[in-house]
Structures are given as structure tokens and as C-alpha cells.
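J.: Straight from Swiss-Prot, here's the annotation block:
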- Asp172: active site, proton acceptor (ACT_SITE)
- Ile51, Gly52, Arg53, Gly54, Gln55, Phe56, Ser57, Glu58, Val59, Lys74: ATP binding site (BINDING)
- 45-310: domain 'Protein kinase' (DOMAIN)
- Ser37: phosphoserine (MOD_RES)
- Thr202: phosphothreonine (MOD_RES)
- Ser206: phosphoserine (MOD_RES)
- Thr210: phosphothreonine (MOD_RES)
- 1-32: region 'Disordered' (REGION)
- 267-270: region 'Interaction with APBB1' (REGION)
- Tyr108: site 'Autoinhibitory' (SITE)
Amino acid sequence: MAGQPGHMPHGGSSNNLCHTLGPVHPPDPQRHPNTLSFRCSLADFQIEKKIGRGQFSEVYKATCLLDRKTVALKKVQIFEMMDAKARQDCVKEIGLLKQLNHPNIIKYLDSFIEDNELNIVLELADAGDLSQMIKYFKKQKRLIPERTVWKYFVQLCSAVEHMHSRRVMHRDIKPANVFITATGVVKLGDLGLGRFFSSETTAAHSLVGTPYYMSPERIHENGYNFKSDIWSLGCLLYEMAALQSPFYGDKMNLFSLCQKIEQCDYPPLPGEHYSEKLRELVSMCICPDPHQRPDIGYVHQVAKQMHIWMSST
């Protein structure tokens, strides 16, 4: 879900939505062998409008009739796109995501299966996202001030550190998944489920099938790990400064892109506009060897120091 059709912002209040008020529906084990806890049903929501869609999902702005909260309701055709094992893993992952509680993370409020669809109830953030902000500055032919870069990046790091501390990887950090509220609060969305809904959120697609944020270990199919999230954070920090992905190219094919990623071949950030600390952190995160990348604790600490320093100057 990003700030474009098929990827939408989510945000809003998350207090006890449907968790105690919702009707309990007995599961049908034959029809829904991997049913999540039935806390809500579609009858509990008034759908207002569609705000996003993917190949196997649609997202709606909706009102929960039980407490009048405005939410995002994502409907996923789970039985068409997954086998039984993938459904089980997806259900388990959603259970973990519901336990996350952080001011900079889109809250997973509830989930249930109805009419052969997985319905995920999410906090709704109805402002913009980081990709839209980057496009705006690019159109204006202006760089994002470094103070602003750290203001948002430190909040993003706080969100990722919360996830990693609970052994949850994001797997799809990119500007379109970083929502910004009207008051300047970052909300990280599309948590951890990208591999299940692969047709719509596998990687950062600026061109169809072009994964600009894919780490070297993923190119080599060595699996995703916590340091892969760090690579993506480095790419995002670079993009906030340069207004484009470090590995972007106008006429690249997938092979040449993968070569650039493996060799960490990207243009340096302008030293006259951005601090050595920012450029150094980008270099540490966009490192081909995942073992050489810092952990999220270090990245967050640097971001906090720079945010405080920039705010005081």
C-alpha cells in the first residue's frame, strides 16, 4: 500500500477497535481451515470509498459501526493467491503485527476471513507519503533540507527498531510505505506481508519489475534478514537526499541494475548540501556484505543525534 493506486495511506485512532464489541462468529473449519480470530465481520463496517487496489487486494476507507472510528479495510483474495501453508504463515505473521504498538507504525487493528477473503482492519493515515514528498521537491527542483530529512528519518528508525526488537522484519521499506500525517508524524505501513502479497509489494517498483531497493543477498536468493531492512533504510535515506534511488537509471534493464546493486555503484551525495555524517551513514547501510552493515540500534542513535543537532542549529 503506497501513495499511488494499489498502495494507500492508513492512519487514525486504534483504541480497542472491535476487540471487545464485535460479534463472535463461529469458524467453519472446512471452508476456512486457517481462520483468524473472528472479532469483527463486514457487517460491522460502512465502506465509504475505495482508496487503493492491487492484483489480489482492494483497500477501502471505512467506518467501524461499533465505535464510529474511521479505518482502512484491506480485502485480500487469500484463497486465490496462496496455498494452505502460505495462508497459515500469513495468519501467523498478522498475529505478530497486531502485537506491534508504536506511534510511528500503522496499527493492525483486527483481521478476519469472510466470503473467502482475508479482511485486515488498519489504522488510517489519510495524509501523504514520503514518495509524494520526494516527487514534490523534485518537481520544484529543490533539495529536501537536511534538517527535514533527519526529522522524518529518525521517526522511521524508531518504528523499525520497535519491529526488530520484537523479531519482526519489515521486508519492504521504501518511500511509498512511509506515510506522513498532517502534523508531520511518520507512520510506517505495509508491515512484513510483502512476501505474501508479492504481486503488489515485492520491492520498490518505480518501473514494473524493477526492484530498486533489493539488497545483494536477495539478488543472490540468500534470503531476507534484519540487515536487509538496514540496506533499505540506507537506500531511503539516500533517496531523501538525492531525490532518486541510488541505483536508478533511465535505460537500465534488470541485469544491469543487479550489477549496480552488487557493486554498490551509485553517485555520491553532494558534500556541499549534506553532512558527512549523513553520507557516512548511507555508505554504512548500503554495504554489499550484510554482516558489515550496522544494526538498527546504531542507525537510530545516529539519526537521533543528527536530528537533535540539526534542530538546535
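Note that Cβ sites are derived from N, Cα and C of the backbone, with glycine treated the same way.
Please situate the listed features within the shown structure.
T.: The Cβ neighbour count for Ile51 (ATP binding site), using a 10 Å radius and every protein chain shown, is 21.
Same-chain residues lying 6+ beyond the ends of the region 'Interaction with APBB1' (267-270) with a Cβ under 8 Å from its Cβ atoms: 238, 241-242, 246, 278-279, 282.
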J.: Please work out the number of neighbouring Cβ atoms within 10 Å of the Cβ of Arg53 (ATP binding site), leaving out its own Cβ.
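T.: If we count other Cβ atoms within 10 Å of Arg53 (ATP binding site), we arrive at 18.
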J.: Can you give me the Cα-Cα distance between Ser57 (ATP binding site) and Asp172 (active site, proton acceptor) in Å, rounded to a whole number?
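T.: That comes out at 17 Å between the alpha carbons.
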J.: Can you tell me how far the Cα of Tyr108 (site 'Autoinhibitory') sits from the Cα of Val59 (ATP binding site), in Å?
T.: 14
J.: I want to verify one value. Collapsing DSSP to three states, which class is Asp172 (active site, proton acceptor)?
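T.: DSSP assigns Asp172 (active site, proton acceptor) to coil.
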